[in-house]
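Undergrad: The annotation compositional bias 'Basic and acidic residues' is assigned in Swiss-Prot to 1-20. The phosphoserine annotation in Swiss-Prot covers Ser29. Summarising the annotation, Swiss-Prot assigns region 'Disordered' to 1-24. Residues annotated as transmembrane segment in Swiss-Prot: 43-63, 85-105, 124-144, 152-172, 180-200, 211-231, 254-274, 301-321, 328-348, 352-372.
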Amino acid sequence: MEMTEASKHTTTHEESEHVQNPEPDQVLSQRQLLQLNQKKWWISVLICLFLVLLGDSLVILLLNFFYVQDRREDNNQDLQYKGTWMQALIQNAAFPILIPLFFIFPSPKPNPETINTRFLSIRLILLYFSLGVLVAAHSKLYALGKLYSSYGFFMLISGSQLIFTLIFTAIINRFKFTRWIIISIVLILVSYAFGGPVFSGEPDENEHFYGIQAWLTFAASVAFALSLCLVQLSFEKLLVKTKRYGNKKVFRMVLEMQICVSSVASVVCLVGLFASGEYKELKGDSERFKKGETYYVLSLVGLALSWQVWAVGLIGLVLYVSSVFSNIVHMCASPLMAFIVVLAFDFIDDDFSWPRIGALIGSVLALGSYFYTLHKRNKKKMVEFNQSENNVEV
């Protein structure tokens, strides 16, 4: 009987030692798992970055095509400032294409520690509704800003969105700035100021409105920056910490966020479209289109899809990195858009000049600076894992 108790005590002691000192194969598998997760993370970041650049490029191409065919370059005062509710609606209306993807992407099992489901649902509904109204306001103000001022002036003001993002993320998200992130911010602000594309929907020089209408772009920048920071907060404090999707950051979160927010924003823009009476002009817009009604519809559909591509990539970068990085990538697309517009359209006196070349180089350096910060962060995680492994061995 005594031998049996002694053997049990020995077995228990060996099991505890085994837990405290994992086998080499187990440590190796943990290291491989960390490396695999980091590789998956990098792939996700690069895919989202590509979606943002692709969406931005397609949007500026199709917007220029739309306003050229809509005879906006004729500077007809009666036509110049119409269609802003429609453009705002187009930015959000294509969200149904994401619904099949939402069900295709796997969803991890929720953690048993998830807080009260009913309370969580109420918080989510309030969050999505608030963000939807904010996005609708940004979409409307963004559409107005492009038409009420020169595009260069519009780009200069909209560059303040990064400044507002820095302010909001420092307050809301407690974001920590590193030396390389600050360098990236400075580079992208300079590049954004000199690398903007031409926009065919802007008014003639004698029609610039540098009054309250043009400065509405500031309000659009504030709404855009605030929405990004609130999205990051919702990922960190609601969808991740409540264990609704387990303990992981998964792409399904991005799709859920975009579908719900865009649906609310679309309803708001649709109400604005009918309340303003702008819907009555839709038939005239299609008939006035140079290429005909078919191309009119196709251009709007293309714009709607392009906006969704851009938004999914943007929110994905917020999830995997931060709202600051997401905004920097969006602004890095400006010199690239200028290059694409020069190739696709034959605007008078528009070329890819030396300032734009410098802006393109600056954008690449800005991305490189931020990527270096991300590389150092992942490397630090690996070093900390190795240190913990050495402590276990000792």
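Cβ coordinates come from backbone N, Cα and C, glycine included.
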Undergrad: Find the member of 85-105, 124-144, 211-231 that has more C-beta pairs under 8 Å to the transmembrane segment (301-321) than any other listed stretch.
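TA: Highest pair count goes to 85-105.
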Undergrad: Tell me, please, if the transmembrane segment (85-105) and the transmembrane segment (254-274) are in contact, taking contact as 3+ Cβ pairs under 8 Å between residues separated by 6 or more positions?
TA: yes
Undergrad: Counting only CB pairs under 8 A, let me know which of 43-63, 254-274, 328-348, 352-372 has the most with the transmembrane segment (124-144).
TA: 254-274
Undergrad: With the transmembrane segment (43-63) as the reference, which stretch in 152-172, 254-274, 328-348, 352-372 has the largest tally of C-beta pairs below 8 Å?
TA: 328-348
Undergrad: With Cβ-Cβ distance below 8 Å and at least 6 positions apart along the chain, what are the contacts of Ser29 (phosphoserine)? List them in sequence order.
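TA: In sequence order, no residue meets the Cβ cut-off.
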Undergrad: Where else in the chain does the transmembrane segment (152-172) make close Cβ contacts, counting only residues six or more beyond its ends and a cut-off under 8 Å?
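TA: Cβ under 8 Å, 6 or more out: 142, 145-146, 185, 188-189, 192-193, 196, 199, 202, 208, 210, 214-215, 217-218, 220-222, 224-226, 228-230, 232-233, 322-324, 327-328, 331, 334.
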